[in-house]
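Input: a single structure, listed below in structure tokens.
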Amino acid sequence: MAAAAWLQVLPVILLLLGAHPSPLSFFSAGPATVAAADRSKWHIPIPSGKNYFSFGKILFRNTTIFLKFDGEPCDLSLNITWYLKSADCYNEIYNFKAEEVELYLEKLKEKRGLSGKYQTSSKLFQNCSELFKTQTFSGDFMHRLPLLGEKQEAKENGTNLTFIGDKTAMHEPLQTWQDAPYIFIVHIGISSSKESSKENSLSNLFTMTVEVKGPYEYLTLEDYPLMIFFMVMCIVYVLFGVLWLAWSACYWRDLLRIQFWIGAVIFLGMLEKAVFYAEFQNIRYKGESVQGALILAELLSAVKRSLARTLVIIVSLGYGIVKPRLGVTLHKVVVAGALYLLFSGMEGVLRVTGAQTDLASLAFIPLAFLDTALCWWIFISLTQTMKLLKLRRNIVKLSLYRHFTNTLILAVAASIVFIIWTTMKFRIVTCQSDWRELWVDDAIWRLLFSMILFVIMVLWRPSANNQRFAFSPLSEEEEEDEQKEPMLKESFEGMKMRSTKQEPNGNSKVNKAQEDDLKWVEENVPSSVTDVALPALLDSDEERMITHFERSKME
């Protein structure tokens, strides 16, 4: 009773912890996942309605930020200013907003409330034609200023920093000096004495291209560990698929319905990991993401998680093992799976597109409540199914469900530990200094999902004794008939049976005479007309057995 009560209260505790939409790793990819890599190449039209361009990333040491300018000649004078700042805390990068660039630059100039170091430089161009030419910056540009009282470590470097591309020159303004989170800001000041010329040309000046290249091409320090992780997970799911196909091919005659569901989850997981890995490779070599691939990956992830939840629900209900059909419960299962697919797909698509962050957060809330309700339903169904198996004394199926329940409980316990760890390490700290481990916040949930999937594969693997887990009507009816006597024995266990004495009166003789009369009636008087007519029509023992079977069905 205590264990059952704990299982019912557990989903509520997980929801109150709050950081994740799914208490079970098998159901979830974790918190608001950032599985896809961020782009490292931008094309910004100037003017774009604002004079500032900025981004925040975790970069490798010696990562170079390139600028390229293309467009039509113009008579406007342009003042290009760069700022590159490192930070000791990832919070500074995460909380940075493009709308607050001017306020951030004021803090940077006053050296207050910020950590790390920064480089800055400014160059004036008399017209656009000069801007489009290959530029060479002197050592004054690489001047590095310490923040928060740090010692002056930067030295002026008189080496020219010029990069010549294949077609158009790329200006090389800045290079990172350590592995750290960085904020890069470009300010474009437009000034001209000819107001009319300025007004005419503002609508079509030029395009600025920003590229970030490091030791792994366009892949940043934040995304490189995730690319390796998805490559490994893609290999793992391929091995899962090969193993499951081999098992299924050996025992294809005795496959259960649930084993087809497990195969579908493996296939969708393989596709999901392959699409994510392909997206990381595209970012690495091209610097830009394919939005269609991102949406496809998120939809595949939503379908996989929805199918996984549906699989666990029908297993916990005992479908195909304890019950031949779900009946009315089937509609509830379908509605639950469809709702989860809707909310998870909507949340994932809105998150990767980045168009409606507030709407994505709103979609996350019902997803968390739905996931918690499903978890509650699963554990309640498991307890009821295990009680039924105990009553029927089906040791094989009961052992299977015990292992399955223990696996889910371990998954919940691991999820609680990871929720507490990620909350204390990444969310409630004032300075996220462990930014190298940020990728774990996303990877750990996918890894835990795969581990639980592997346990389920082992528990429900196809084998020669596959049918011992299947529902069989005859055996279930026999078990229901046989369970009554053991239950009576357990109920009266410890009680003594009083011996009965034969009464001296003549009741026993009367009872014996009645039994003899009943025996003669059963032997000589037919119970129905069919007992008299059918024997004359039967020609063989086989026909008698068929007739007996048909009569039993009619009764």
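Placement of Cβ uses the backbone N, Cα and C atoms for every residue, glycine included.
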Membrane topology agreement for Glu298 and Trp460 per Swiss-Prot: no
Candidates Cys128, Cys234 - disulfide partner of Cys74 as recorded in Swiss-Prot: Cys128
Feature N-linked glycosylation site, as given in Swiss-Prot - residue among Asn62, Asn79: Asn79
Selected from Cys375, Cys431: Swiss-Prot disulphide partner of Cys89: Cys431
Selected residue, Swiss-Prot feature phosphoserine, from candidates Ser48, Ser289, Ser540: Ser540
Around the Cβ of Asn127 (N-linked glycosylation site), the count of other Cβ atoms that are within 10 Å: 14
Asn79 (N-linked glycosylation site) CB neighbourhood, other CB atoms within 10 A: 13
Rounded Cα-Cα span from Asn127 (N-linked glycosylation site) to Asn79 (N-linked glycosylation site), Å: 10
Maximum Cβ pairs under 8 Å to the transmembrane segment (438-458) - stretch from the list 226-246, 258-278, 362-382: 226-246
Summary of DSSP states over the topological domain 'Lumenal' (425-437), given as helix, strand and coil counts: 6 helix, 0 strand, 7 coil
Contact between the transmembrane segment (258-278) and the transmembrane segment (362-382) (at least 3 Cβ pairs under 8 Å, separation 6+): no
Same-chain residues near the topological domain 'Lumenal' (279-305), Cβ under 8 Å, at least 6 residues beyond its ends: 22, 27-29, 35-41, 211-212, 216-219, 223, 226-227, 230, 265, 268-269, 271-272, 340-341, 344-345, 348-349, 351-353
